[in-house]
Amino acid sequence: MAGEPLKVLDALDVAKTQWYHFTAIVIAGMGFFTDAYDLFCVSLVTKLLGRIYYHKQGSDKPGELPSNVAAAVNGVAFCGTLSGQLFFGWLGDKMGRKRVYGMTLMLMVICSVASGLSFSSSPTSVVATLCFFRFWLGFGIGGDYPLSATIMSEYANKRTRGAFIAAVFAMQGFGILAGGVVAIIVSAAFDAKYPAPSYQENPNASTVSQADYVWRIIVIFGAFPALLTYYWRMKMPETARYTALVAKNAKQAAADMSKVLQVELESEQDKIEEGKSKNDFGLFSKSFLRRHGLHLLGTTSTWFLLDIAFYSQNLFQKDIFTAIGWLPPAKTMNAIEEVFKIARAQTLIALCSTVPGYWFTVALIDIMGRFAIQLMGFLFMTVFMFALAIPYNHWTLPDHRIGFVVMYSLTFFFANFGPNATTFVVPAEIFPARLRSTCHGISAASGKAGAIIGAFGFQAAEKAFGVKKTLIILGVVNGLGALFTLLVPESKGKSLEEISGEAGEEVERETEARAESRRTMPV
């Protein structure tokens, strides 16, 4: 591979957009639909869990999950996700993307169902089993991050690769939206069938016994989209880049891609043998540190900082909406009605800002480039967060609440038309094939470490400092994200082998020279 790329890889790079591209987006994207649904739907039902299992007789307000239990329910899936990203990311480079892909999906399906069937009716048993299965659900979800991103990047052509990977990730937006819609439908149906007074009218009657089915149905529903795609995941061939560059089987790679592209491709085993010794450095080698050390620091740090802010906002929307009065006080609603109103608020945010933000990235990432979108997103998130935080008392006044929601929505819009999408795309492009899944898993796990800080730390910060100071802290975090973005290289319009250096030393030198003329940040 010293002078020119393998023809099978070149054919993928220059291929026109075909049906198999859209098939791959849907197959990989439905995993992310399920990921987002499962991770975020629990934030819709935590208030209901508090009413059902932690009601105190004689209290003037509905039962709430204790702060440590709320943090565990919200955060335990992230702990599993972090572990799964590291483990399955490494396994995807060792065993192949396809072989591991089915394992993650079945784990997600089984644990989604098991989460909704959490044993017993006592608070301790239900929460313990819910947390146990949500950890393993997160473990499966974690594997989907590096595998879906890597598979899509290795199937895509170089002209529209960013849009294809971003489209897979954008299915998260539909997953969040679906979580809200399912919660609205289920809660509206149960509230109509089993009407109940508000808590202040009759505390005991405000939570009907059937409310226990509401949260279980919402949680279990996440299994179905994943189950529908299992067969098609198993039918996908292994990516040509893994087969040729990692497994060193050019003949099989050519045969697989001939079927996918519907053209005749010759195998070039001699080129594989030529390139064997040139790029076989490991993750902990000096060669990797020299070539990709700053890149890995850039992808891990930006994802880490983004997820602190992003997941703090997402998981605790309902608390912020209550604080500014956008949701009525809990005691003025019955248990199921509260689920409906929280779901309605979160669905509105998803519909107006989260989903459009993702698809703006899909449309523009191969025009503007990854770097520009990520830097712009972090900067706008910083601006809007400070604009919310500094005059916070102004936004809590009744006449200004709609303005608060609009500003809050804009931070989500620029998270998704910004670093939330690009931090997922870039690690799937800039590392060598034999380390691509591993490095993406490390980057994603760093992000989930940030999400854990957001999930566990936000409530503590809010109680210690108040909402205003907590929002200022999140603004500073976003500003640091913009700074660390300077370490991330631009990958727009290049082949994966050019970016990673697998195209050979001569091509690598030419690529670095061109990049240096366009960019001034460190690579």
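A Cβ is built for glycine as well, from the same backbone N, Cα and C atoms used for every other residue.
TrEMBL does not curate its annotations; it predicts them automatically.
For 20-46 (among others), the entry in TrEMBL reads transmembrane segment.
TrEMBL lists 24-493 with the feature domain 'Major facilitator superfamily (MFS) profile'.
The list of residues near the transmembrane segment (100-119) in space but at least 6 beyond its ends in sequence, with Cβ under 8 angstroms from a Cβ of it, reads 31, 34-35, 38, 84, 88, 91-92, 125-127, 129-130, 133-134, 136-137, 139-144, 147, 151, 215-220, 222-223, 226-227, 229-230, 233-234, 236. The transmembrane segment annotation in TrEMBL covers 100-119 (among others).
Sequence annotations record features per position, and here TrEMBL assigns transmembrane segment to 163-190 (among others). Listed by sequence, the residues of this chain that lie at least six past the ends of the transmembrane segment (163-190) yet keep a Cβ under 8 A from its Cβ atoms are 21, 24-25, 28-37, 40-41, 44-45, 148-149, 152-153, 155-156, 208, 210-211, 213-214, 217-218, 221-222, 225, 314, 336-337, 339-340, 342-344, 346-347, 350-351, 354-355, 357-359, 361-363, 365-366, 416, 420-422, 424-425, 428-429.
As annotated by TrEMBL, transmembrane segment applies to 213-232 (among others). Within the chain, the transmembrane segment (213-232) has long-range Cβ neighbours (under 8 A, six or more residues past its boundaries) at 23, 26-27, 30-31, 33-34, 37-38, 41-42, 44-45, 48-49, 52, 102, 105-106, 108-110, 112-113, 115-118, 175, 178-179, 182-183, 186-187, 190, 336, 339.
Sequence annotations record features per position, and here TrEMBL assigns transmembrane segment to 348-365 (among others). Panel annotation: around the transmembrane segment (348-365), residues 162-163, 166-167, 169-170, 172-174, 176-177, 180, 317, 373, 405, 408-410, 412-418, 420-422, 425, 492 of the same chain, lying at least six beyond its termini, place a Cβ under 8 Å from a Cβ of the stretch.
The annotation transmembrane segment is assigned in TrEMBL to 371-390 (among others). With a threshold of 8 Å between CB atoms, the same-chain residues lying at least 6 positions outside the transmembrane segment (371-390) that come near it are 302, 306, 309, 361, 364-365, 404, 407-408, 410-411, 414-415, 417-423, 426, 468-469, 471-472, 474-475, 478-479, 481-482, 485, 488-490, 519, 521.
As annotated by TrEMBL, transmembrane segment applies to 402-421 (among others).
The transmembrane segment annotation in TrEMBL covers 441-458 (among others).
The transmembrane segment annotation in TrEMBL covers 470-488 (among others). A Cβ distance under 8 Å defines the sequence-distant neighbours of the transmembrane segment (470-488), meaning residues of its chain 6+ beyond its ends; these are 294-295, 297-299, 301-302, 305-306, 308-309, 312-313, 370-371, 374-375, 378-379, 381-382, 385-386, 388-390, 392, 419, 426, 458, 461-462, 521-522.
Marked as region 'Disordered' by TrEMBL: 496-523.
Annotated compositional bias 'Acidic residues' per TrEMBL: 499-509, in sequence order.
Among the features that TrEMBL reports, compositional bias 'Basic and acidic residues' is placed at 510-523.
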